[in-house]
Every structure is written in structure tokens, then in C-alpha cells.
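The domain 'Major facilitator superfamily (MFS) profile' annotation in TrEMBL covers 1-383. Per TrEMBL, transmembrane segment is recorded for 29-48, 60-79, 86-105, 111-132, 192-214, 234-252, 259-281, 293-317, 329-349, 361-379.
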């Protein structure tokens, strides 16, 4: 329950994230998220009973739910098209850096001290937001014309010619002014259904490939496979994520989104098969000396290949495919589905492992196969296009 309650908070954050980011701006939404995360970490640190731990974890989850929508959207809206994929992947890189630091610190400090370390990035963000411009596309959408041009020039450099880009953004915004306000049910209209299927589908396959079960319970998985302690495997898990995500960021705008997704899902399939085989051999008392090696190899192959594609790319594509007038509502739906999947996987992982460890990893492997088919048939390539070009091509 404690493991999964963060995802319940994130679901509530996801539901409100689009409206909040549309109403108070991208920077305002990030400030609000940081406040919720600070409140959550302080509640965890000062907890004397289980309920206050749960409240703290829920508050942190709420903040993360908003962050998970607004940060990829903000990056996509400020980045030039030739750098957008790589810059959006930096978000995932910072997530895995934070995750890796927490995994490693958690092996040497108490959980109260670990909770305090969560405050540092929140305070850094609150200070840093004073030094960066608001999203030019959001400023144009709310009619703050002068600030829109100032923000765009600040982002592109004072000597850059931003007139063409500003005109394209303004024309796109002007074309949306006469459209009615979009509600959640309107997303199932034929003109929006394709990007909704792409965004929701990628999040379903990202989560039901098992990442949060394998991630939350990596130490327990290594111990179950025969290690006396899961610490070595956990530290290896933490360290491997960072260089692989850097590689993904470098490849994002070179190889494209679809190849990364396909390679990633194929590798996750292989990792699940290796880990499932280790538990099968253990249950049959076969090749026992190979069981821990197979388990660690499988989990590390899984997390490495997840980090290069299925980790960052769904968030990049989510931030690119929706027109700005539906981005708030559609983004909230996509992020809600993501966190609902995260909750389902993290909550059921222990029960599934008790039922059949081999069966659990074979089920995740099956979702990886379905991911490859989904990417091949449904997901568009967005590399090297402006946001306006992507949305026009999807709607055509």
C-alpha cells in the first residue's frame, strides 16, 4: 500500500495537471508541484505513525502527477524542432539520475534522512524558475503578445531572427481561437482520436511492461533469485540507467522515436525472458549456479533497454502530438492512464510473484511483444518536425 500510494496521488495530480497548467501557466504549475512535494517529504520526515507516512507519500505523488505532464509539455513548447527530442529526454535523464541517487543513498542512510534529500531539488526548482521564461506558446494562447515575443527571443538568443517562428506559432494559435472549449468526452471525436490512441496506448504499454513492479521491488527480486543481499544488484540497477538514458537522448533526434521504441521493447522482452527463466530454473532445481546471474542479467538488460526508449519516448511523443487547445485535457488523460497503470503494476507485483514468478515475467514479456506491434502499426514518427507540422500530419 505504501509503495503504490504515490501513484494514487499522481493520478489525482494527473487529473488536474492540464487545467492547472492552462490556468496558471507552465511555470506556475511547476511551482505548485514543488510545494506539494516539499509538503510530502516533510510529512514523511516528521512521521510517527503510518497514516502520516501515507499522507506524505500521497502529497509527493500529487506533485509528481502534475510534474509528469507539465515538464515534458514545457520542454516541447520552448525547444527548437531539431533539439526537441533530445531536450525532452533530458527530463527522463534527470528522473533516472534522481532515482539512481536515491537507490544508492538508500543503502547507506536512514529513510528519514533519505526523505530530507528529496527537499533539495524542490528548492532548487523554486529558485531556478525565477530565471527562465514562460512557454511562448502558452503566452500566445492567453493573449500576452509582448511577453510572448520577449520569451521567444530570450530562448533563441538576442541576435536570432524569431519572426518566422513567431508568425507560425501565432497563426496556429489564431486558428484555434474560434474552436469551442474541449472537454474529456470531446477527445473521442474523430479529429482527436488518433493522437489520443497513440498517447494512451504508449502509456499503457510503458506501464504494463512491468517497469514499476521491477523497479520498486528490484532488491526483493534479487534476493528471491538467490542473492544473500539485493544491494549489489540494486546499485548496478541504479548506475546502468544513467549512461543508457544519455545514449537515448543523443539518438532521439538522429535515429527517431519509432526505432528507439522498437529496440527498447525488444530488449525488455529479452530481459523478462531471462529473469523468468532464472525463476523457472530455481523452481525446478536446475542450473542453480546460473540462477542469480540470469536474474541480475535479465533485470539489467530490461532496465537498460527501457531507459533508452520506452522510458523517455512516450513522454516526448505525448508532449508533441496534441494541439495546444486540447493539450491540457488530452495530456491529463494520458498522464492519468500512465499513473493508473503504474499503480496497478506496483500494487499487484508482489501478489503476482507469489502466484508465479516465472509467469509474472512471461506476462510482462507478452506486453513487450504487443508494444512492438503497436509501434509498427500506429505510432507516427515526429523527428525533425515542428509541433504545428506534427499535429497537421496526424489530423490529415
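Even glycines carry a Cβ here, placed using N, Cα and C.
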Practice task
Could you please provide the mean pLDDT value for the domain 'Major facilitator superfamily (MFS) profile' (1-383)?
Solution key: 86
Problem - For the transmembrane segment (259-281), sequence-distant contacts whose Cβ falls under 8 Å of one of its Cβ atoms, 6 or more beyond its ends - result: 202, 205, 209-210, 221, 224-225, 248, 251-252, 287-288, 290-295, 297-306, 308-311, 313, 357-362, 364-365, 368-369, 371-372, 375-376, 379
Handout entry: Segment proximity, the transmembrane segment (329-349) to the transmembrane segment (111-132), 3 or more C-beta pairs under 8 Å
Key = no
Problem - Interface present between the transmembrane segment (192-214) and the transmembrane segment (361-379) (three or more C-beta pairs under 8 A) - result: yes
